[in-house]
C-alpha cells in the first residue's frame, strides 16, 4: 500500500470510527447513565459483534464482486428499524433525575446491534473493497485488516463512552434533554441510511 493510499485509509477509518453512529451514541448514553465500569458489558458486546461483522464483510467483499442490491436494501430497513428502536429506548429511558435505577443494555443486545448496523457494514465493505482488495487478495491481509477495522471501531466506542463518563455530572444534570438529543441523532442516523 502506497503512503498516499495508507494515509487515505487511516483518514477514512478514524473519521468513520469517531463520528456519531449507533455504537458511539449508545456508548455515550450508557456511560453517562451508568458510568464507564457498568458499561463495559455494552462495549464488550459491541466489540465482539463488530469483529464478527468485519470478518463477515471480509468474506462478502472477497467472495462477491457485486453485492445483491435487494439484500443490501433489506439490511438497510432492518438496521433503520433497530436504530429507531434504540432511539426510542434512549428517549424514554429514566434518568437519574427521575430517581429510577436502570441497568445498562445487555451484552447480547449491543452484540446484536452490530448485525443491523449499516454504518459499520458499509465501513467494513468500503474499507476492504477500496483499500485492501485492489492491493492484495491474500486472505491473511484481508482478515488482518478486518481485525484492525474492529479495533479502530472499538477505539471510537471507548472514546465516546469515556466522554460520557467524564461529562457524567453535566450530562446527568440535563439527562432528559441529552436523551432526547441522542435519540434524535439516532433517528438522523436511521434516515441517513436511505438519503
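Even glycines carry a Cβ here, placed using N, Cα and C.
Long-range Cβ contacts of the topological domain 'Periplasmic' (1-7) within its own chain (Cβ-Cβ under 8 Å, at least 6 residues beyond either end) map to 131, 135. Annotated topological domain 'Periplasmic' per Swiss-Prot: 1-7 (among others), in sequence order, evidence recorded as sequence analysis.
Annotation comment: Swiss-Prot describes 29-46 (among others) as topological domain 'Cytoplasmic'. Assigned with DSSP, the residues of the topological domain 'Cytoplasmic' (29-46) fall into helix, strand and coil as follows: 16 helix, 0 strand, 2 coil.
Residues or ranges marked as topological domain 'Cytoplasmic' by Swiss-Prot on the basis of sequence analysis: 91-104 (among others).
Annotation source Swiss-Prot lists topological domain 'Periplasmic' at 126-141 (among others). For the topological domain 'Periplasmic' (126-141), the model gives a mean pLDDT of 82.
What Swiss-Prot lists as topological domain 'Cytoplasmic' is 163-176 (among others), and the listing cites sequence analysis.
When Cβ-Cβ distances below 8 Å are used as the criterion, the transmembrane segment (8-28) is approached by residues 1, 39, 42-43, 46, 50, 82-83, 86, 90, 105, 110, 113-114, 117, 119-120, 123, 126-127, 130-131, 149, 152-153, 155-161, 163-164, 182, 185-186, 189 of the same chain, each at least six residues removed from its ends. Positions annotated as transmembrane segment by Swiss-Prot, on the basis of sequence analysis: 8-28 (among others).
The transmembrane segment feature in Swiss-Prot is assigned to 47-67 (among others); the stated evidence is sequence analysis. Within its own chain, the transmembrane segment (47-67) is flanked in space by residues 23, 110-115, 117, 120-121, 124-125, 128-129, 133, 137, 139, 142-143, 145-147, 149-150, 153-154, 157, which lie at least six positions past its ends and keep a Cβ under 8 Å from the stretch.
Residues or ranges marked as transmembrane segment in Swiss-Prot (evidence: sequence analysis): 70-90 (among others).
Residues or ranges marked as transmembrane segment in Swiss-Prot (evidence: sequence analysis): 105-125 (among others).
The transmembrane segment annotation in Swiss-Prot covers 142-162 (among others) and rests on sequence analysis.
Among the features that Swiss-Prot reports, transmembrane segment is placed at 177-194 (among others).
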The topological domain 'Cytoplasmic' (163-176) - residue tally per DSSP class, helix then strand then coil: 12 helix, 0 strand, 2 coil
Secondary structure content of the topological domain 'Periplasmic' (126-141), with strand meaning DSSP E or B: 10 helix, 0 strand, 6 coil
Non-local residues, at least 6 beyond the ends, that sit with Cβ under 8 Å of the topological domain 'Cytoplasmic' (29-46): 23, 90, 93, 95-96, 102-111, 113-114, 154, 157-158, 160-165, 167-168, 171-172, 175, 178-179, 182
